[in-house]
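Report on the following structure.
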């Protein structure tokens with residue numbers, strides 16, 4: 001049984017109140033086209049585009065945009081040769097790309113946060129789901145032990161740590177993507193009575209400097225950042241399994257790119 | 001000869017058109033107080049506050065704010081214990097703190113960019129100063145050689161690299177602080193005909209993914225991020241020397257905090 005792209009999008013957004021001014025959209029794409037295969041991914045990078053073509057998938061469901069900008073499409077840099085070559089390759093391959101960002105985060109619980117918590121094997125420790133974070137009480141673990149757990153479970157080469165590296169943690173906030181920024185993460189330490197925040201990324205002189213100051217003043221707070229893609233890819237991998245269960249006749253693949261940074 | 005805080009601020013802002021809605025302000029502080037000593041720094045962290053007190057300096061000139069937010073003062077998180085304890089320590093020590101951000105960047109050339117370029121020993125290679133970047137033509141250097149140069153000159157343990165790690169670079173853009181974000185950095189590759197951008201920081205899925213896609217499409221582009229504080233501290237160090245020359249009787253110190261992140 002074939003499914004249309006429109007049907008897939010309806011599945012992705014069903015049960016969620018329409019989100020005004022959302023960045024989620026099908027572009028490019030033909031809603032009525034039959035789906036030959038689906039690739040879910042953190043971001044439709046050129047590598048992911050090529051993998052989708054190799055896999056015979058004509059729909060990419062991408063958490064972040066194609067053109068390196070939260071709100072911008074190809075029109076953000078219309079004369080840029082990188083954007084133009086990528087747009088041309090997507091067009092000639094007949095790929096449809098659905099950005100699945102706001103609706104993924106708006107699910108209850110947030111699909112992306114839930115994916116990360118599950119990938120860490122911590123689902124049973126969640127005590128509260130807030131829109132911006134999952135709040136957990138874990139069995140007591142040292143910061144370095146938690147960092148090793150994150151590296152092992154997510155296949156990371158490194159975790160960036162700020163604040164107290166020696167404390168034993170119980171209360172943990174898990175924040176995906178750019179939610180490591182101060183406006184989200186800083187008040188959460190108090191309101192969630194947190195020892196530790198695990199986040200994707202955020203400006204370096206906000207939350208990291210906050211936890212460092214906290215320690216110098218006798219407090220115990222820690223921030224571990226694992227990377228934006230690294231924090232959100234597990235949710236998109238989880239999505240692939242959900243879509244596969246719902247559409248057993250459609251080949252569904254999760255594709256991860258390599259880490260974007262190398263340390264020199 | 002003593003100087004007032006007001007006189008120092010006039011020196012810092014002189015010759016620059018008033019900037020509307022600037023974040024630069026004296027808070028806390030008494031403009032008419034005599035300056036006993038000045039500390040310049042990237043950010044007035046708790047460590048820097050303690051060093052200023054030890055040094056007998058009653059004025060900190062800080063590029064970033066005290067309370068982990070670009071626009072926020074202590075009122076951003078009025079009940080936060082970290083902010084409250086820090087505010088109380090600053091108050092009881094009688095410290096004045098002047099935020100010197102917008103006016104520093106508005107100098108021609110940008111004081112912070114200039115400080116970084118000089119710290120790298122690259123001043124002679126600057127061909128163009130733009131408001132957001134210095135554009136350089138350097139003697140041909142490989143990416144890994146440049147990364148080592150950055151580490152050595154700035155005392156870094158690591159540089160984060162994306163894109164082409166094998167090319168030989170000539171055209172380099174130097175961007176401080178958060179200017180590594182896509183809206184600033186991406187168009188600069190074309191308009192500045194750049195092989196490489198050296199930046200402080202920026203969202204991970206903007207410029208890093210752009211340069212990675214460029215490479216997969218046969219182009220040669222590289223991004224090296226050195227850290228927000230690491231990119232802006234040299235400009236504040238340069239400022240200390242400038243203030244010392246202008247006020248020979250006032251003890252002026254540059255204070256750097258440790259790197260905020262440790263890699264685990």
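Yeah, the Cβs are placed from backbone N, Cα and C, and that goes for glycine too.
All TrEMBL annotations are machine predictions without curation.
For the divalent metal cation site that TrEMBL gives as A:228, A:232, the extra residue drawn from A:63, A:70 is A:63. Checking the binding-site residues A:63, A:228, A:232 against chain B with a Cβ-Cβ cut-off under 8 Å leaves A:228. Taking the Cβ of residue A:228 (divalent metal cation binding site) as reference, residues of its chain lying under 8 Å away and at least six apart in sequence are, in sequence order, A:177, A:178, A:200, A:201.
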